[in-house]
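**Q** Below: one structure in structure tokens.
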Amino acid sequence: MRITFFASLLLFTNTIFISFSFAIAGINKESPLSIGQTLSSSNGVYELGFFSFNNSENHYLGIWFKGIIPRVVVWVANRENPVTDSTANLAISSNASLLLYNGKHGVAWSSGETLASNGSRAELSDTGNLIVIDNFSGRTLWQSFDHLGDTMLPFSALMYNLATGEKQVLTSWKSYTNPAVGDFVLQITTQVPTQALTMRGSKPYWRSGPWAKTRNFKLPRIVITSKGSLEISRHSGTDWVLNFVAPAHSCDYYGVCGPFGICVKSVCKCFKGFIPKYIEEWKRGNWTDGCVRRTKLHCQENSTKKDANFFHPVANIKPPDFYEFASAVDAEGCYKICLHNCSCLAFSYIHGIGCLIWNQDFMDTVQFSAGGEILSIRLARSELGGNKRKKTITASIVSLSLFLILGSTAFGFWRYRVKHNASQDAPKYDLEPQDVSGSYLFEMNTIQTATNNFSLSNKLGQGGFGSVYKGKLQDGKEIAVKRLSSSSGQGKEEFMNEIVLISKLQHKNLVRILGCCIEGEERLLIYEFMLNKSLDTFLFDSRKRLEIDWPKRFDIIQGIARGIHYLHRDSCLKVIHRDLKVSNILLDEKMNPKISDFGLARMYQGTEYQDNTRRVVGTLGYMSPEDILEIISGEKISRFSYGKEEKTLIAYAWESWCETGGVDLLDKDVADSCRPLEVERCIQIGLLCVQHQPADRPNTLELMSMLTTTSDLPSPKQPTFVVHWRDDESSSKDLITVNEMTKSVILGR
């Protein structure tokens with residue numbers, strides 16, 4: 001799912017609601033509600049009354065937000081049967097039923113039979129719930145929250161009772177001016193874990209993907225529109241702000257790529273190991289028939305043979321439909337459950353949910369550019385591309401032999417040039433085990449056992465200098481193993497940096513290295529395993545971002561600052577990280593931030609203030625000031641869309657700071673938990689960190705003081721980023737980022 005922020009008048013901008021009214025205290029047998037009267041909640045947020053569209057004679061009984069123009073209706077009683085008589089009124093019967101009389105035309109709507117009561121009244125609660133209450137016991141006999149329309153308010157809920165089959169769903173209006181039941185229904189599924197599903201008639205229209213039980217969406221208003229869009233919005237000032245809309249993209253429509261198809265940026269593709277079912281139709285853009293497996297699986301339960309199937313991980317996935325929940329305590333257990341079940345086609349271990357497996361065709365799968373989950377799909381081992389026919393192997397022997405002879409000569413010359421250059425340009429230390437003070441040297445066979453011989457099912461991510469694997473030692477301790485790619489021309493220097501630096505650095509906000517392995521050409525780093533992956537997987541994921549509210553984000557900002565302050569001032573070595581960004585901030589099981597990936601770090605003496613190096617590296621500044629703004633806004637630094645304009649996040653932050661003090665920069669998903677003074681302070685600090693003159697930027701000691709006290713801060717000047725962004729885009733790129741040098745993309749530490 002994708003979150004889209006923009007100001008909106010929402011739904012009823014062009015529709016005029018007509019009503020002239022005065023308030024009454026409540027509804028009882030002696031005091032009905034007539035046209036021209038309203039019933040308000042005690043907190044003044046909601047109002048019940050009669051309304052019509054564009055001077056029409058058709059009147060509806062509804063609930064709306066009081067005092068907000070244009071009026072936004074959240075519940076309608078008589079959706080299918082408007083009243084036309086000017087004497088229409090809402091009364092309460094002796095058996096506690098609400099009755100809407102259409103003058104001499106009789107009853108237009110009824111709440112239905114309720115429990116026996118000797119006296120009752122109707123009230124509008126502070127949550128927007130119309131309730132019928134027993135006068136003697138005080139119990140609720142009927143409530144509108146049990147009969148939802150097209151809108152869900154914060155304290156109402158979608159529901160599916162497995163025992164009775166009873167459902168509470170949202171049903172769309174026929175049009176913006178006709179509240180009768182429309183074509184779309186929003187419901188939750190009976191699956192475990194559940195997911196939201198929009199139906200158009202009997203066919204799925206949009207699906208959210210599985211929800212974690214811990215996720216709590218405290219949002220003011222959720223609507224299923226007459227066009228089938230799910231919209232989540234909040235009122236801010238005089239406007240409605242649309243926090244989320246779905247479907248918003250062609251990939252959001254259910255099953256657009258068919259079985260075993262995967263939608264990537266509006267284009268359908270087949271999973272690895274699959275091909276289009278009908279190639280000619282696929283080429284014409286008719287993708288609904290999907291894909292089929294290229295190589296049939298030959299599964300043997302409990303098989304450990306090399307010719308058995310293997311699991312191929314696919315990252316950034318919206319999990320497909322038709323999953324089943326399996327009781328597994330961790331990703332390894334999930335892998336084993338699927339491995340030993342021949343009908344299991346894929347598995348995914350999702351934080352906050354657990355283990356999901358698929359025994360049916362993959363349907364409605366989407367791959368995002370960031371975020372999402374890792375889906376490991378079962379493929380025949382031949383899909384690895386490692387098994388060649390004997391004829392091909394035989395025909396290649398002569399050519400290969402000749403290649404090796406010529407290659408050996410070229411390799412020898414290349415090694416001489418590398419060593420010659422390295423002696424002048426590389427760091428003044430050799431890659432030897434004894435250099436790793438304080439770290440434990442692991443045996444290669446120990447790491448191979450822990451990572452299942454570096455199996456693909458254990459692979460967490462792929463970076464510029466190699467791959468990262470999850471492992472489990474014999475004592476049960478989980479580890480992350482960074483395996484240097486032998487084809488990397490720069491990787492050894494970065495590898496040596498990480499060993500020498502991290503082995504001597506100890507701080508709760510730095511990732512801890514457990515040891516290394518140096519055997520032959522193999523170079524491995526062994527880290528502590530981070531259960532919650534990296535910070536970017538939360539910030540830029542429309543579902544996970546809701547799990548980190550403002551207090552947690554502020555704690556993360558302070559934790560990063562503490563780690564950087566330690567590197568700059570308090571550690572035995574003075575270290576500049578040089579590649580700090582949210583993807584290099586890992587989160588432990590308690591969501592504590594830990595700085596990782598020291599491949600580009602540089603040591604300097606206590607008297608040195610310049611980092612002299614020819615290598616172009618990552619982000620500018622001490623704490624990567626953009627990180628503060630990304631954590632606050634939940635948006636990536638490179639481009640930030642606001643309305644019809646596209647600008648850098650820093651440019652938008654500066655404009656927001658000048659106009660409103662920066663509060664509208666805050667990620668709207670955490671607005672309910674924010675502390676405005678802290679937010680404004682963090683934005684001001686972020687702008688100070690990107691000042692053009694170094695003297696205007698705070699050092700790490702000043703940064704820590706700014707984040708932990710309430711002392712007055714200097715006023716920031718307009719950043720150079722803002723001045724030059726439009727005038728010279730190539731120049732601004734040099735200023736803003738050189739993140740092409742990112743050294744690892746780790747999805748699951």
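Cβ coordinates are placed from backbone N, Cα and C, and glycine is handled just like the others.
Predicted, not measured: the structure shown is a model, and the values here were computed from it.
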**Q** Can you tell which of N286, N421 Swiss-Prot marks as N-linked glycosylation site?
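**A** Per Swiss-Prot, N-linked glycosylation site applies to N286.
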**Q** If you look at how Swiss-Prot annotates this chain, which of 57-77, 330-350, 393-413 comes out as transmembrane segment?
**A** 393-413
**Q** Among N118, N453, which is the one flagged in Swiss-Prot as N-linked glycosylation site?
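**A** Record lookup, Swiss-Prot, feature N-linked glycosylation site, residue N118.
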**Q** Which range, 39-56, 489-506, 543-560, does Swiss-Prot list as region 'CaM-binding'?
**A** 543-560
**Q** Residue list, the domain 'EGF-like' (247-280) vs rest of chain: Cβ under 8 Å, 6 or more residues beyond ends.
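**A** Same-chain residues near the domain 'EGF-like' (247-280) but 6 or more away: 1-2, 4, 203-207, 228-229, 286-295, 312, 314, 317, 321, 361-367, 369, 377, 379-380, 383.
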**Q** Out of N54, N95, N118, N135, point to the one nearest N286 (N-linked glycosylation site) in space (Cα versus Cα); all of them are glycosylation sites in the record.
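**A** The answer is N54.
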**Q** Sequence order is fine: just name those glycosylation sites in N54, N95, N341 with a Cα within 10 angstroms of N118 (N-linked glycosylation site).
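**A** So the list is N95.
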**Q** Where the distance is taken from Cα to Cα, which of the glycosylation sites N54, N95, N341 turns out closest to N135 (N-linked glycosylation site)?
**A** N95
**Q** How big is the gap, in Å, between the Cα of N54 (N-linked glycosylation site) and that of N341 (N-linked glycosylation site), rounded to a whole number?
**A** 62
**Q** Cα distance, N341 (N-linked glycosylation site) to N95 (N-linked glycosylation site), nearest Å?
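**A** Cα-Cα, rounded: 58 Å.
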**Q** For N135 (N-linked glycosylation site), list the number of other Cβ atoms lying within 10 Å of its Cβ atom.
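**A** I count 12 other Cβ atoms within 10 Å of it.
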**Q** For the domain 'Protein kinase' (454-721), provide the mean pLDDT of the predicted model.
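**A** A mean pLDDT of 75 is what the model gives the domain 'Protein kinase' (454-721).
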**Q** Among all chains shown, work out which of the glycosylation sites N54, N341 has the most CB atoms within 10 A of its CB.
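**A** Top count of Cβ atoms within 10 Å goes to N341.
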